Amino acid sequence: MQDSRSAASALDPATLGRQLFEASPDCVKLLDGEGRIVAINRCGIEALGADSIDTLRGRLWRSFVPEASHAELDASMAQAHAGGVGRFRGCMPDPQGLTRWWEVTISPIDGGLLATSRDISEQVAAEAERERLLAQLRSANERMEDVFRQAPAFMCVFTGPGLVFDMVNERYLQLVGGRDPVGLALREALPELAGQGFVELLEGVYRSGEPVFGTDVPVMLQRRPGAPLERRFVDQVYMPLRDPDGGVSGILVHGIDVTDRKLNEIALYESRERFQKIVSQAATGVVQMDTEGRITLVNQKYCEMVGRSEAELLGVSVLDFTAPGSVPVTIDAMRRLAGGEQGVVVDKEYLRRDGSLMPVTSSVNALRGPSGEFQGLVAIVVDTTEKRRAEEQLRASEERYRTLFESVDQGFCILEMIFDEDERPVDYRFLEMNRMFEVHTGLVGGAGKTAREMVPTLDSFWFETYGRVAQTGEPVRFESEAPAMERWFDVYATRLGGPGSNRVALLFSDITSRKESEATLRKLASDLAEADRRKTEFLATLAHELRNPLAPIRSGLGVMRLKGDSPAAVARVREMMERQVGNMVNLIDDLLDIARISGGKLELKKERADLRTVLSSAVETSLPLVESGRHELTVDLPETEVPVEADVTRIAQVVANLLNNAAKYTPAGGCIGLALRVEDDHAVISVSDNGIGIPQDQLSAVFEMFSQVGQHTERSQGGLGIGLSLVRRLVNMHGGEVSAASRGPGTGSVFTVRLPLASGAQAGGDMAPAFEPDGAGGEGARILVVDDNVDAAVTLSMILDACGYTTRVAHDGAHAVELAAAFRPQVAFLDIGMPGMDGYQTARAMRRLAGLEHITLVALTGWGADSDRQKSSEAGFDHHLTKPVQLDVVQDLLAKLAA
Ligand code: ADP
């Protein structure tokens, strides 16, 4: 300061320059061309830590400059040398060691250099401080932005009352589905918020300046274009932002999307709820225990199972009500689970309050914390009372069944079906069988063998049947024959086990003998039915046959009443009545004979006789019948005696029977032959005719009792169907045989009797005259009487004659029709059963005759059933009378007709 004051007083420019040089606050140095110090002011001397210029003069200024600044110094000096001004900044410690900053300016001056170093240490420090503060601010800002951007929370800033988005962070974009709202008003950017209350809420914050907080706030957002609104949950804060004047200028929205947590919470809640429900209502017991085995949770079922209430159980150890016998397994299970095992199953028993035991199966699992630490146990407990009972029952029933199957008298076995690759049953193996199996099948040692091994020819029926039982599971019961085993079986077969099982159980019996007796029984029943049918027919026939002789007898009595004064007529009628009574006696004799033979009471009065004589007497007996049929009888007997040991009456009866049949079953005017010959040691009698013949299938049946070929037909010639039966029995009693032969209907028949011979003799025979019927004359109405029973026809015509009618008589249909054409009767009585043309045919033929259209036809028959009346009316009969006809009935009828 002193220098500057003295300088101010001096006006010498050099002095002034000197003073300025000395008083300069900068360090000023004058350097030569090489940079050596020529002059230096006070400030410079101090700065270089010297006392005077003396120690500094001539020294390179460069040597005082720190090496770090050498390059800049050199460059600035070079610039000054070149006529410019070189500048650089550098730092250099001061003599006290404190770093000082210098701003150096080098300019050229008269072949040297002027270097001015201004101390800018404070300026540099201030600059550095500013820089530091700026940097701090920058980094704070950056951090803020990072926070804003990377915050785990969503953030956005609205400005102005119109709520325009100013900033949003990534999380916010994620929340709203990536729509960038910056620059848009909230209402336009997120239109779906309308009606949800958020816009109004924010506007309220803006107005009031009061922040708003919300947790678990549901918000519906359109997170993808076109997709339905999505519900999100957020925890959020609306913070008013204030400008420097304290007025609200915007709102910071800051929050967290808690949707996942919320949904998890909901799910957890629901699942917990569900779990609780399931556990409480479970049909199995559930119990939870802590690490000490004390109960912390039980469900209703568990309480029921152990017979205690929930209150009694909570906090108690399960061991307290575990049956003593089950305590060790329970402790062991707990230990194992505490030791690291995850789950164990224990069969144990609880001791109930009432002292009873409850068997259970308990599946116990360890409960572990996040790091696997043992936290307790949970057990699912199932009541096994029923299971045990069922097991015991099964055992007991198996035993029972085994005993049963061993003790039944039926066969029992278990089979295993064998199928081929196409699932067709081809065989089966016997797995086991009971004792009776062998008895019913006759098969020995079958276990392990197959059916085909035991019975190679066994029918496939058995494989198929049992195969079907195995495949369908449907049991079957059947009876079937196994021809390969020559047995019948009654079998019940059922599958053992469920679908897929190949095992079939059989319970069966050998029913061969039952089947045989059933067949016998069936035969017997059918024989019985046949016998019964014949008997019924026989009774009807018997009634008919008894009426036949009764009819003429009754008529005869009528004649005797009317013509008792005519001895000739009475004599004729008596003769006829005797004959008819004789017929009845024969019939009844036949019946008695049959009864005697059946009862074993008929005794043969055998004697030695010539069969020829016997035959002659038979011819005598049959002659009236032969003659009434106008048959031609040829008798062919040997010349020599045919000796037999026989009951001659019975053999005559046999032959007469055969001759009578020949006459009966041959239309009028037939040929009948009787022949006797000797063959070996037998006498052979044959009776042949050219009559109606016998169907082949009836040839042996005609010898059966009550059998008649075709009843109620034109064949029917009366008779009881016992004649041939009697013949056979009598012949058999004589040690002989009888047989019938015929080539069929209409071809005649031959009956052959073979009798054992006794020794030889000869016999002959002769014939009796035929009975000639005749019609009696009279006046009044013309009546035709037609009946093959000559006596019946004649007596009726005699009665009618006596009553004043004019009658004619015919004994067969053809003759009747012929007679009617000539005689032109007003009334005709027609018998129905006649050989050849029967009554029906005759009636029809008569009706067809010219002039006889209105003839009154009266059926006269032994058959009086409704069906018979029906038949006669169909054939054109006007009336139907049954034999024997009563005279007053006939008279009534004729009187009515006359009226
Ligand atoms: P019926 O009393 O009916 O004559 P039989 O026992 O004498 O009884 O004869 C049985 C049946 O055999 C007869 O009903 C008849 O059908 C048949 N018959 C018997 N002999 C002859 C024969 N010579 N020609 C045709 N059929 C006959």
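Quick reminder: no glycine exception, Cβ is built from N, Cα and C everywhere.
Taking TrEMBL as the reference, the stretch among 39-66, 123-150, 403-430 described by the feature coiled coil is residues 123-150. Look at D831 (4-aspartylphosphate): DSSP puts it in a strand. Contacts of D831 (4-aspartylphosphate) defined by a Cβ separation under 8 A and a same-chain sequence distance of 6+ are given as V786, D787, D788, N789, A792, A793, G839, L860, T861, in order along the sequence. Residues of the domain 'Response regulatory' (782-898) grouped by DSSP class, helix first, strand second and coil last, total 54 helix, 25 strand, 38 coil.
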